[in-house]
Amino acid sequence: MIEIDGSFGEGGGQILRTSLTLSSLTKKPFRIYNIRANRPKPGLQRQHLTAVNAVKILTNATVKGDYVGSTELIFSPGDIQEKGDFVFDIGTAGSTTLILQTILPLLLNRKLTVTIKGGTDVPKSPSIDYIRLVFSKVLERIGISFNVELIKRGHYPEGGGEIRISNVRGEPQRFSITEFGQLEGFVGISHVSSLPVHIADRQKSSAEKILRRLKDKIDIRLDVREGEISKGSGICLSAIGKYGIIGADALGERGKRAETVGEEAALKLLEELKTNAAFDSHMGDMLMLYASLYQGEYTASKLTLHSITNEKVIRKFIDIKGEIKGSSPFLFRVQ
């Protein structure tokens with residue numbers, strides 16, 4: 001059984017999520033201890049427990065230690081289900097997109113539809129629009145497509161969001177994406193939930209003003225939703241290159257001007273673009289698992305502790321001939 005110290009490196013939930021995914025794909029059981037030991041609230045929280053439960057059900061796994069506050073978990077996967085329609089409810093504003101990341105590789109070329117309820121636009125996790133504008137488009141470039149439907153948005157602290165993942169298809173091949181290439185344009189989504197539409201407009205306008213410094217081809221659409229359980233706003237932007245895609249987002253909050261939200265996302269995007277890496281730092285972390293599975297290489301703008309930790313977890317399950325070169329930007333290559 002693979003033994004994993006959940007406190008090493010970044011020491012957060014990503015260690016558990018990557019372990020769940022790779023354990024299911026390789027059919028290698030694991031024991032993880034010191035789960036989130038470095039966090040203010042150590043152990044499994046509702047969001048992590050939902051990820052465990054989702055993978056448990058999808059893989060017919062045997063699990064010990066799956067309760068709130070648990071700092072040790074033993075996970076023994078079975079066979080991945082071939083078809084079915086499943087619903088997983090976090091019950092809080094915990095991130096639906098982090099659970100999406102965990103289970104997506106398990107759904108590939110299977111007749112599975114998964115609905116996840118919780119937060120869609122919450123701090124310290126990819127927004128649902130980042131998944132739609134950046135993550136899904138990057139996966140298309142390596143041969144994987146999927147549908148992700150945004151049914152309801154969920155902001156912190158109320159949650160109430162809902163997404164549905166289906167039709168995960170593809171024949172991923174070895175890939176090499178090491179340059180961003182010529183900038184083709186910008187796309188984005190500026191949203192409000194149960195708030196005045198002018199907030200989304202102002203977020204959009206302030207972002208456009210900054211992005212025009214590089215290119216006039218900008219397509220930011222508005223997503224205005226009324227009657228949602230949670231109130232909130234945000235904007236997600238992506239820069240489309242000939243080879244790469246760079247994303248950045250920002251969330252609104254009480255007392256924060258809408259113009260500031262748009263400027264924050266746009267300035268983050270321009271900063272990411274300066275390195276000429278194919279992908280942004282968040283995508284650099286998320287793509288590492290796929291590069292390890294399908295022998296890929298890519299560059300990303302900044303090597304984070306998340307990425308370093310993720311690579312070490314991957315090596316626990318897969319015997320990869322991989323290397324990391326540089327830091328800002330960095331190259332990850334698996335041969």
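Just so it is clear, glycine is given a Cβ too, placed from its N, Cα and C backbone atoms.
Note that the coordinates shown come from a computational prediction; the quantities given were computed from them, not determined experimentally.
Some features that Swiss-Prot has for this protein:
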- Gln101, His282, Met283, Gly284, Asp285: ATP binding site (BINDING)
- His306: active site, tele-AMP-histidine intermediate (ACT_SITE)
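Structure coloured by features recorded in Swiss-Prot.
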residue : record                                       : Cβ neighbours (10 Å)
Gln101  : ATP binding site                             : 21
His282  : ATP binding site                             : 24
Met283  : ATP binding site                             : 25
Gly284  : ATP binding site                             : 26
Asp285  : ATP binding site                             : 27
His306  : active site, tele-AMP-histidine intermediate : 19
What binding-site residues among Gln101, His282, Met283 are found with a C-alpha within 10 angstroms of that of the residue listed as 'active site, tele-AMP-histidine intermediate'?
-> His282
Among Gln101, His282, Met283, Gly284, Asp285, the annotated ATP contacts, find the widest CA pair distance and round it to a whole Å.
-> 14
Additional residues around ATP, ordered along the sequence, whose Cβ is within 8 Å of the centroid of Gln101, His282, Met283, Gly284, Asp285 | Pro126, Phe135, Phe279, Asp280, Ser281, Met286, Leu287, Met288, Ala300, His306, Ser307
